Amino acid sequence: MTITPQHLIALLPLLIVGLTVVVVMLSIAWRRNHFLNATLSVIGLNAALVSLWFVGQAGAMDVTPLMRVDGFAMLYTGLVLLASLATCTFAYPWLEGYNDNQEEFYLLVLIASLGGILLANANHLAALFLGIELISLPLFGLIGYAFRQKRSLEASIKYTILSAAASSFLLFGMALVYAQSGNLSFEALGKSLGDGMLHEPLLLAGFGLMIVGLGFKLSLAPFHLWTPDVYQGAPAPVSTFLATASKIAIFGVVMRLFLYAPVGDSEAVRVVLGIIAFASIIFGNLMALSQTNIKRLLGYSSISHLGYLLVALIALQSGEMSMEAVGVYLAGYLFSSLGAFGVVSLMSSPFRGPDADSLYSYRGLFWHRPVLAAVMTVMMLSLAGIPMTLGFIGKFYVLAVGVQASLWWLVAAVVVGSAIGLYYYLRVAVSLYLHAPQQPGRDAPTNWQYSAGGIVVLISALLVLVLGVWPQPLISLVQLAMPLM
């Protein structure tokens, strides 16, 4: 096909981030300067965000058979770019105390965000696999960035080996799907499934293997075993990216796949996904109860959040409300996670060995950093789904979708999981207001609110509260971001 100027406009975010990768690479080769490379990365990501307006003006279109640029792709591209931007701003003060090479961090984040944008636009199983690999490979380096820390290196090796195994499952599943249907395009797969091919054993085996591969990337039970160790071992800014950008991008492409190729019409697939969702919600919340490490706690909580989202995915065939539910929930999850991990990043900056991830480090935080403690409280309440926060709106949507689709056992799991989650989120919030220990451990800088990371954390808290009280702007945005059918 011929690439026209319209196609280039549609690909602007991808092209801008790709160009930023090249510029940062050349800048590192020319002269190592931490501030310069961080600034170039942030400018590139901001330019990519601004370019989404021009993409919207160009309208929805297919750019090559691999990619479809529409409102849905723009929404998920925007969320990935916001997460990448936050990761870079949290990383800057953390890297200030890091004695080894600092600049490559931004390069790896940019390449991973490139993979996230590709996933948001993917309309083909080949693009899906390329995007997942492009987002996973830089994460191997990012997770082990503090390689002199034994735990960071261990987390990187663990993620690398398990990720390679998951990718092989995904690829083998795609091969079986192609062998049976002769197609890799989402829409062509949809036509094949419509012709009565959905119940073919080879096709179901292929989709089963793909669910294993994607379940690992989304850290769904029982493919979640890497999650707490990797969240704990990775530097705090990397855990931010891992919890937000990679999960959002992969879940977005899975939504598009299930929408165009209605795999969920198969009772066998629905039952398997239902069991995975149920296990993720209950197991994630139960395991988080006993955690004293805040990054491990957030790791287990992310398993349960992906379980809640899976309920909306299973209900996808029951109406457009499922699409809305996922969009609103992911936005709430993004801002809540950015705030929570942002506070951990600020407390851990500059780099001085292990992060401030023990719950004891946050005991009595209110008495010397009251605003930071208030931000952390808001994030915990939002993740718990308390009314007047954005997390409540997302959870309400998921429950409404579950009821609409008559998924009563999953609705019960969401209610029970939320009740369990309330305990451990409030445990973190309450510890912030207890008496401070005689010898406080790590602490955020006194002027944290004037740093770029501090501003991101404050904006996240503000959005969680404002959109929790008045969610209509977000709901309208998500309704506009419907995929081109």
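Heads up, the Cβ atoms here are built off N, Cα and C, so glycines get one too.
What Swiss-Prot annotates here:
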- 8-28: transmembrane segment (TRANSMEM)
- 35-55: transmembrane segment (TRANSMEM)
- 71-91: transmembrane segment (TRANSMEM)
- 127-147: transmembrane segment (TRANSMEM)
- 159-179: transmembrane segment (TRANSMEM)
- 203-223: transmembrane segment (TRANSMEM)
- 235-255: transmembrane segment (TRANSMEM)
- 271-291: transmembrane segment (TRANSMEM)
- 297-317: transmembrane segment (TRANSMEM)
- 326-346: transmembrane segment (TRANSMEM)
- 373-393: transmembrane segment (TRANSMEM)
- 408-430: transmembrane segment (TRANSMEM)
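Highest Cβ contact count with the transmembrane segment (408-430) among the listed stretches 159-179, 271-291, 297-317, 373-393 falls to 271-291 (criterion: pairs under 8 Å). Long-range Cβ contacts of the transmembrane segment (271-291) within its own chain (Cβ-Cβ under 8 Å, at least 6 residues beyond either end) map to 208, 211, 215, 220-222, 224, 228, 264, 297, 300-308, 310-311, 313-314, 359, 407, 409-410, 413-414, 416-417, 420-421, 423-424. Between the transmembrane segment (235-255) and the stretches 71-91, 203-223, 373-393, the greatest number of Cβ pairs separated by less than 8 Å involves 71-91. Taking every recorded stretch in 71-91, 203-223, 326-346 and counting its Cβ pairs under 8 Å to the transmembrane segment (373-393), the highest total belongs to 326-346.
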